[in-house]
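What follows is a single structure, written as structure tokens, with notes after it.
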Amino acid sequence: MTTNKTFSMVLAMTLNGGIGYQNRLPWKLKEDLQRFKKITTGGIVIMGRKTFESMNSKPLPNRVNVVISKNMKSSNEVQVFPRIEDALQFYNTSHQKLYLIGGKRIFEEGLATDKCSDVHLTRIGVETKCDVYLNKNIFSTFQVNKTSQTKSENGINYDYQHLINKNSHEQSYIDEEHQENQYLDMITKIMKEGVSKDDRTGVGTMSIFGQTMRFNLAQSFPLLTTKKVFFRGVVEELLWFLRGNTNGKLLLDKGVKIWEGNGTREYLDTIGLQHRQEHDLGPVYGFQWRHFGAKYKDCQTDYSNQGVDQVKEIIQLLKNNPDSRRIILSAWNPIDLKQMALPPCHVMSQFFVANGKLSCMMYQRSCDFGLGIPFNIASYALLTYMLAKECNLNLGEFVHVLGDTHIYSNHVEALKKQIERVPYPFPLLKIKGNKSLFDYTYEDFELVGYNAHDKIEMKMAV
């Protein structure tokens, strides 16, 4: 006799397929266990004998407990069947939902029945020690319905994903979607609604105006995963800003080419800076952050104690007057704009403290969604992490306010490829030691659990 009864699967798995270690879960995630309880309570949970034994042979409360075994016998607390198909047939007319909860053999045999309607998957971002693995592509025939925002607990980054078979209408149990979807959805919006515009570079853009994205910094670090982001470049550029540097060669010597195109002899000559030495970028971000109002000469001059050191003032305000509404960092100085190789794109940021949590809101006038924005998100998130550590604050949000929000015409095909990708959990960020904000090096920053799709090549418009 055949059955039309379907079931859901509920499991946690690393990105390489790890699900268990020594007949136990390899991680302790309290929130994930609470979610498991929320999903399965009131239903029928189907498990293998080893999974049942890993629970000290105690049935889960408020659920019908079913064990698949040829050796065990049914009791008042547990129903036993030799095969999954037998359990499905027995509960064919039951109004209760069925959930397969492990282990490996149960998941594999369950998929072989072709009765799995959906999967509630917890994706573990860190490869912890495991001795039981599923094929990491075991759910490749399912569609992603929803992906949650990244969470963290006990040094482990993870998220929830709801996978469905076509025609499934099961509940996802996901309240807040992955925050990288904001970025991907914005690309789609620009492609659908963007106005074609000429621009300074001659490449041309599709543009919209006045958008916002928000990232929760307390749970994870928002380094995009749908393409690999050059994190070392993000760090080195920010440290270069914080030191007040304007010499692009210092970045080039470290293999960071972000500013290379804007510092060449040819480029500087075309914007009227023939007197400037190659890779002297003028009074750009770092100069404005550390010496706002000082007279710029060249990148070799010592500007100590000249102008306003906005970064130091921010640190003092965060420590001594965190409720101030004047904790602002500005890179836009109209007097200096013509001396800059490139006027600031990320113009101003404001810092806000509530309940001991530090948040940052940054306004960006020109927003290159293909190349620039992934860097900008990570850079200001990193700055907020560093300021929070310096001032003994917890982390809040990064709010990104977007002015001219655009895609360059030569990035369209690459971005079409990117928006088809499903994000991985955001990584965690650890800052080692207790150095001054101005003394950190790249080696002081550690990404934990960064998994990303392959890099996508896009040419920078200069």
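From the backbone N, Cα and C atoms, a Cβ is placed for every residue, glycine too.
Residues annotated as active site in Swiss-Prot, with similarity to another entry given as evidence: C345. Long-range C-beta contacts of C345 (active site), restricted to its own chain and to partners at least six residues apart, with a cutoff below 8 Å, comprise Q364, R365, S366, C367, D368, G372, N376.
Listed in sequence order, L11, A12, M13, L29, D32, R35, Y158, D159, Y160, Q161 are the same-chain residues at least 6 apart in sequence whose CB falls under 8 Å from the CB of T122 (substrate binding site). Mapped onto three states, the DSSP output places T122 (substrate binding site) in strand. Residues annotated as substrate binding site in Swiss-Prot: V10, D32, I101, T122.
Within 10 Å of the C-beta of S69 (NADP(+) binding site) there are 16 other C-beta atoms, taking all protein chains into account. Summarising the annotation, Swiss-Prot assigns NADP(+) binding site to A12, 18-24, 49-51, 68-71, 102-109.
Taken from Swiss-Prot, the feature dUMP binding site applies to R200, H346, Q364, R365, S366, C367, D368, N376, H406, I407, Y408, supported by similarity to another entry. Look at S366 (dUMP binding site): DSSP puts it in a strand.
Annotation comment: Swiss-Prot describes 6-165 as domain 'DHFR'.
As annotated by Swiss-Prot, region 'Thymidylate synthase' applies to 180-462.
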Cβ distance under 8 Å to Y408 (dUMP binding site), same chain, sequence separation 6 or more: which residues?
T201, V203, G204, T205, D368, G370, M458, A461
Measuring Cα to Cα, how many angstrom lie between E108 (NADP(+) binding site) and V10 (substrate binding site)?
13
Can you count the other CB atoms that lie within 10 A of the CB of V10 (substrate binding site)?
21
Rounded to a whole number, what is the top Cα to Cα distance in Å among the residues the record ties to dUMP, namely R200, H346, Q364, R365, S366, C367, D368, N376, H406, I407, Y408?
20
Winner by Cβ contact number (other Cβ atoms within 10 Å) across the binding-site residues N23, Q364:
Q364
Segment-level pLDDT (mean, integer) for the domain 'DHFR' (6-165):
96
I want to check the contact list for G102 (NADP(+) binding site): same chain, sequence separation of six or more, C-beta distance under 8 angstroms. What comes out?
L11, I19, G20, M47, G48, T51
